[in-house]
Amino acid sequence: MVAEEIGKTVANWGLILFVSGDNFYYDGVTDVTDPRFKSTFESVYKAESLSGIPWYILAGNHDHKGNVSAQIAYSNVSARWKYPDYYYDLSFTIPGSNVSVRIITLDTVMLCGNSDDFHDGQPRGPADFKVSGRQLEWLVEKMQSSKEHYLLVAGHYPIWSVAEHGPTHCLLNSVEPLLKKYKATAYLCGHEHNMQYLQDNEGIGYLLSGAGNFMENSHAHEDEVPRGYLRFFQGDPDTMGSFAYVQISPREMNITYIQSDGKCLFQTTLYPRTF
């Protein structure tokens with residue numbers, strides 16, 4: 001039902017689609033011929049309105065249990081599957097304006113380490129500290145050079161979360177200070193199987209959208225999130241999933257959380273950066 005409602009949303013408004021990881025639950029894919037590409041992606045997101053829409057991909061912890069390089073290589077197989085590298089950035093201008101947007105996409109598993117949903121409270125630490133360090137250096141360089149009106153950073157693990165996994169300590173130490181220093185607009189993530197919107201005292205938005213498959217209603221780490229940050233939460237397992245829609249205009253960035261039946265669950269607005 002989420003796939004159907006995404007198709008309707010695209011038909012009405014048009015957009016690019018951004019996937020926040022755990023693309024192939026539970027163990028990723030093996031190679032570019034893996035049948036999961038068809039059964040989980042091509043045969044599910046098949047609405048006519050989605051046929052020419054680019055899907056920008058990043059990897060989650062479950063993808064890293066398989067072959068992430070195969071997901072990157074699938075970009076050469078599917079015209080709409082856009083996954084150029086483990087981490088990458090996109091820059092574009094809003095049509096009919098000179099207002100610019102940059103999206104910096106991270107591999108938070110390479111940055112912080114893998115995790116097991118059933119055994120690990122936090123990522124275990126990077127498998128290769130040099131690789132992790134290079135990604136962080138790259139992130140600093142990209143954020144430092146960004147003069148776009150809107151700057152979004154995306155990764156699989158959340159920075160802030162009240163739910164089962166809670167805040168990711170590695171990202172609180174490494175990425176959250178950079179969001180503040182370089183005046184990012186928002187951080188986009190998944191990992192938790194619910195929908196959350198949080199906003200810090202600097203006005204940075206934290207969009208968590210992880211309800212495309214199943215839902216869980218945990219507030220286990222609510223005490224670890226500063227009071228007032230959580231603005232919205234939906235984890236009702238009786239619903240059929242949800243997704244977040246972001247519409248950026250020269251004046252504002254509107255965020256809408258949409259349930260699989262089309263119901264609007266929550267809306268909020270962020271504004272262009274000031275220097």
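For all residues, glycine too, the Cβ spot is worked out from N, Cα and C.
As given in TrEMBL:
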- 16-194: domain 'Calcineurin-like phosphoesterase' (DOMAIN)
- D22, Y25, H193: Fe cation 1 binding site (BINDING)
- D22, N61, H156, H191: Fe cation 2 binding site (BINDING)
- N67: N-linked glycosylation site (CARBOHYD)
- C112-C170: disulfide bond (DISULFID)
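Everything TrEMBL records as a feature, shown here on the structure.
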residue	record	Cβ contacts under 8 Å, 6 or more apart
D22	Fe cation 1 binding site	G60, N61, H62, D63, H156, G190, H191, G210
Y25	Fe cation 1 binding site	H62, N213
N67	N-linked glycosylation site	G28, V29, T30, D31
C112	disulfide bond	P123, G125, P126, S132, Y157, T168, C170, L171, S174
H193	Fe cation 1 binding site	A163, E164, G210, A211, N213, F214, M215, E216, G235
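The highest number of surrounding Cβ atoms within 10 Å, among the binding-site residues H156, H191, is found at H156.
Put plainly, the recorded positions N61, C170 were compared by Cβ crowding within 10 Å, and the winner is N61. Cβ atoms within 8 Å of the centroid of the Cβ atoms of D22, N61, H156, H191 (the Fe cation 2 site) belong to the same-chain residues S20, G21, A59, G60, H62, D63, T108, V109, Y157, G190, G210, site residues excluded. DSSP assigns C170 (disulfide bond) to a helical segment in the three-state reduction.
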